[in-house]
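These notes are about the structure you will find just below.
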Amino acid sequence: MANVVVVGAQWGDEGKGKIVDWLSERADVIARFQGGHNAGHTLVIDGKVYKLSLLPSGIVRPGKLSVIGNGVVLDPWHLVQEIAKLRADGVEISPESLMIAENAVLILPLHGELDRARESQNSVAKIGTTGRGIGPAYEDKVGRRAIRVADLADEATLALRVDRLMVHHDALRRGLGIEPVDREALLAQLREIAPQVLPYAKPVWKVMNEMRKAGKRILFEGAQGALLDIDFGTYPYVTSSNVIAGQAATGTGIGPGAIGFVLGIVKAYTTRVGEGPFPAELQDADGERLGERGREFGTVTGRKRRCGWFDAVLVRQTCATSGVSGIALTKLDVLDGFETLKICVGYELDGERLDHLPIAADQQARCTPIFEELEGWSESTAGARSWADLPGAAVKYVRRIEELIQCPVALLSTSPERDDTILVTDPFED
């Protein structure tokens, strides 16, 4: 029995929510290990739609333990709102079903204010942040001045933490022309929210290791995608945390030996939200068609996603950096009806052919895609549950992707419904 890490292998929005939900039915523990409430995921269960952005996907399934690990930055007010919304939808949530790492860093109102002020004043090169304070919260974590969940339990400690934080933030705010932090108002907000958060606070590292020793199945749920990784993504147009599979261990306090299978979620084409390089991007009728058919709008922000053909170079790269064992290929049905499909198989930069994306941002921006054309199909793949249900051209497309990314397909998703899935390799089996 293997513990499974699910990571997005593109720029996020690959359909992780459905796959995680599909796997979570058989998992005992579902843990988030990085990010914040900036990455939304949509679940469709028995026709009912759930939109989550902070809580693990397993929260909607009774009898599962959902975990928010120390690698996550936590907005406590958003947490309470998301819990309330799910409860209104009939989902039962208690400290028995949800656990939050005591050492998880809090996102405060001042983080969102700083995030938005920087983005609005940075006219030269906007990063495309959601403005929710995730980046500034991670900055405070690395700067060793953050307020953590455990700090909410002691008022004296909390006051000291706020004072230390204000020294840094008030200086920043002066430079940006923002009013200083209202110390008493912030403390009052934290005191008010503390009783609603602390019941869920636990030593996650300890519980996770106990679960592992007891033979429980653990599913590690990543947010966003590996191309947004702070180290291996398209820097600086990235998120503020590590997104690749290795972060699952660091972000929950469990050893890397606990990871048995890494499942990379890959869309059958490519999308990106916000700024940054996108070599295979389409700015024509085909790109519009992909966006309309795939309903490519962000779960959290509602922003229209940029669309392009499948980029095998990037996915091969992310499969390597995350040690992907197999991929789940999603949204194949969006390609139904295209007469011709294209796959990016390399880049050209200054007259030289490359088999990887260079690390320098200026070089990334100058890369032009080298495409390989494949025959499309007119038949529908929507709802297919076996290889026999797929048109021959669709099977060839999938097989070509496997060859180019040097990684096998473990799952194939053919609609948002969780049961419309073709299983090739069971990630939970050793």
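Think of each number as a place in line: the chain as shown, counted from 1.
Glycine is treated like the rest: Cβ placed from N, Cα and C.
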Among Q224, Q283, Q317 - the residue Swiss-Prot places in the same IMP site as D13, E14, G15, K16, N38, A39, G40, H41, T130, R144, T239, R303: Q224
Pairwise C-alpha maximum, in angstrom, for the residues (D13, E14, G15, K16, N38, A39, G40, H41, T130, R144, Q224, T239, R303) that bind IMP according to the record: 34
Measure from the CA atom of G15 (GTP binding site) to the CA atom of N38 (IMP binding site) and give the result in Å, rounded to a whole number. 15
Which of the recorded positions G40, H41, Q224, R303 has its Cα nearest to the Cα of T414 (GTP binding site)? H41
Here are some binding-site residues: K18, R303, R305. Which one has the most Cβ atoms within 10 Å of its Cβ? K18
Would you mind checking how many other C-beta atoms are within 10 angstroms of the C-beta on Q224 (IMP binding site)? 26
